[in-house]
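According to TrEMBL:
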SIGNAL    1-19  signal peptide
DOMAIN    23-61  domain 'Colipase N-terminal'
DOMAIN    65-107  domain 'Colipase C-terminal'
Amino acid sequence: VLPACLLLALVLLAPALSAQHERGLVFNLEVGELCLQSAQCKSGCCHRVSGLSLARCAPKAAEFQECSPKSIYGVYYKCPCERGLSCDADKTIVGSITNSDFGVCKDPQD
């Protein structure tokens, strides 16, 4: 009886588990959804406008847009650059503490 119940439970849970990887309540969040860490967002950027605002998933910064260097905090005031671009910013500890480490996305090939 137990193996049959276990098999039935697996058959019923399989679609729910596969759908969870497409989009979940915690990870793979779309642009505009509330987040706590950038790792939750499909875009890789959890962005807040100010220290008092709620953070939401946002697209990464494109070339010539303002950016922040990648951070261990996981929430950004300016999103990091898209793949292949680099953020030309103040990367000192002072810039990080004073929240003035913003820059502009540039193509390192140029």
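Placed from the backbone N, Cα and C atoms, the Cβ positions cover glycine too.
Along the domain 'Colipase N-terminal' (23-61), the predicted structure has mean pLDDT 93. Proximity of distant same-chain residues to the domain 'Colipase C-terminal' (65-107), defined by a Cβ-Cβ separation under 8 Å and at least 6 residues beyond the stretch ends, is recorded for 35-39, 43-50, 55, 58-59. Residue counts of the domain 'Colipase N-terminal' (23-61) by helix, strand and coil are 3 helix, 8 strand, 28 coil (DSSP-based). Note on the domain 'Colipase N-terminal' (23-61): residues 67, 74-83, 85, 87, 105 of its chain, located 6 or more positions outside it, place their CB under 8 angstroms from a CB of the stretch.
Broken down by DSSP into helix, strand and coil, the domain 'Colipase C-terminal' (65-107) contains 5 helix, 12 strand, 26 coil.
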